[in-house]
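Trainee: So TrEMBL lists the following for this protein:
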- 35-238: domain 'Neurotransmitter-gated ion-channel ligand-binding' (DOMAIN)
- 246-476: domain 'Neurotransmitter-gated ion-channel transmembrane' (DOMAIN)
- 1-27: signal peptide (SIGNAL)
- 241-264: transmembrane segment (TRANSMEM)
- 271-292: transmembrane segment (TRANSMEM)
- 304-325: transmembrane segment (TRANSMEM)
- 460-478: transmembrane segment (TRANSMEM)
Amino acid sequence: MKRNSLSSLSVSLSLLFTAVMLQAVESAKGKYAHMLFNELFEDYSNALRPVEDTDKVLNVTLQITLSQIKDMDERNQILSAYLWIRQSWYDAYLKWDKDKYDGLDSIRIPSNLVWRPDIVLYNKADDDFSEPVNTNVVLRYDGKITWDAPAITKSSCVVDVSYFPFDRQQCNLTFGSWTYNGNQVDIINSLDSGDLSDFVEDVEWEIHGMPAVKNVITYGCCSEPYPDVTFTLILKRKSSFYVFNLLLPCILISFLAPLGFYLPADSGEKVSLGVTVLLALTVFQLMVAEIMPPSENVPLIGKYYIATMTMITASTALTIIIMNLHHCGSEAKPVPQWARVVILDYMSKIFFVYDVGENCTSPKREKEEERKLEGYDGCQRRHKEVRSRNDDCDLNKLNGNLNKSYGVHGENVRETVNCCSCYKMLIKNIEYIANCVRDHKANRAKGVEWKKVAKVMDRFFMWIFFIMVFFMSVLIIGKAA
């Protein structure tokens with residue numbers, strides 16, 4: 001037990017001694033840091049470019065780290081991004097011998113104490129022209145200064161919405177010195193692309209790269225070259241949200257439009273269905289128009305909406321025309337011969353269109369119709385028999401026959417003549433009724449033919465518009481791919 005207590009006591013003493021020594025070293029380094037700071041900035045000025053020879057170019061190394069995409073405003077064409085901007089350069093007047101300062105090789109000081117390059121974002125689209133974040137810089141003994149500063153940038157980005165919501169965007173971030181030309185400050189890429197290792201995944205956009213390119217441009221105002229570094233941010237939109245909320249409802253609604261041709265004409269809902277579908281698509285079109293910039297490039301989904309609305313307008317107009325054909329009454333002209341051949345004979349068989357109401361007739365009703373037809377035939381046969389009797393009831397023949405065969409005279413002949421005259425009146429009445437029924441059936445058959453023509457045209461346009469909607473949907477998916 002004594003040995004264990006002694007060993008633990010020795011360990012505690014050694015740890016305490018180490019802590020005291022480290023504190024002493026830190027205090028010593030802090031002392032040398034204050035001494036170094038006072039000596040470095042005694043005659044230092046941050047207003048001038050820190051080079052010993054004014055003709056010498058100062059190289060500034062630039063590195064951009066993309067941390068997050070905060071917003072992409074397509075309507076105003078502004079990209080908001082959270083960046084980490086790292087700049088490093090060598091200051092000829094901020095060097096020291098680290099051996100004289102107990103091996104102190106770097107210090108961290110406020111950035112406003114040293115000279116800083118005035119590198120700005122050329123395509124900035126923010127109203128706030130505030131100064132960069134005043135973070136500390138790391139100053140090394142050899143004069144190298146590294147300045148890491150976070151920044152939330154708003155840059156202008158030309159948005160191409162031709163393939164929205166399956167679009168790709170390329171947004172440029174151009175950094176360069178505002179006052180120093182290429183003979184004074186030169187910008188060097190630290191990497192061939194922006195750093196994406198710390199990027200926070202965005203819910204709407206996928207990052208497919210951020211290549212960096214150095215450009216040297218001579219502007220019209222000045223003869224000196226001005227270098228800049230352009231980082232091109234390649235973005236691809238995640239289209240699932242827009243597919244399920246804008247595109248899929250439009251496709252489903254557009255498939256309802258051809259079904260208006262399948263509705264019975266007597267239901268009174270054919271035109272109202274087309275108008276309702278047209279209003280629904282107009283609402284979706286307005287939603288897309290609020291998101292997109294007012295440019296000449298119509299987005300892909302907008303073209304689909306316009307094509308579908310045009311198709312629905314045409315289908316509604318055709319529905320009105322077909323309803324006029326359906327309601328042609330007995331006063332209408334007969335169906336033309338070419339329409340009988342083309343529509344009633346051939347197209348009705350192709351589109352499986354029966355007579356009006358025939359496909360809804362049950363076997364029981366078919367038997368009843370056959371019985372009615374048989375009764376009508378029997379009535380026609382009885383009508384022919386009565387007419388034959390009327391022919392036999394000629395007055396002269398009847399009078400002669402009665403005199404020869406039976407010797408009938410006087411009142412009996414008159415009774416027989418009165419009976420024949422009754423038959424004649426009855427035949428005339430029956431003929432009048434039969435003519436009326438015949439005319440009514442002819443007129444009814446004329447209206448039934450026009451109804452069948454309308455029904456065939458309904459089926460024809462229904463399949464035409466179904467094919468159009470299908471091919472438009474396939475076309476938009478193919479363009480997106």
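Numbers run from 1 along the shown chain.
The backbone N, Cα and C atoms fix where each Cβ goes, and this holds for glycine too.
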Trainee: Between the transmembrane segment (271-292) and the stretches 241-264, 304-325, 460-478, work out which stretch tops the count of Cβ pairs under 8 Å.
Mentor: 304-325
Trainee: The transmembrane segment (460-478): which same-chain residues, six or more beyond its ends, come within Cβ distance under 8 Å?
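Mentor: For the transmembrane segment (460-478), the sequence-distant neighbours (Cβ-Cβ under 8 Å, at least 6 residues beyond its ends) are 247, 251, 254-255, 257-259, 261-262, 300-301, 303-304, 307-308, 311, 315, 318, 322, 347, 351.
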Trainee: Can you work out the mean pLDDT of the predicted model over the domain 'Neurotransmitter-gated ion-channel ligand-binding' (35-238)?
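Mentor: Across the residues of the domain 'Neurotransmitter-gated ion-channel ligand-binding' (35-238) the model's pLDDT averages 89 on the 0 to 100 scale.
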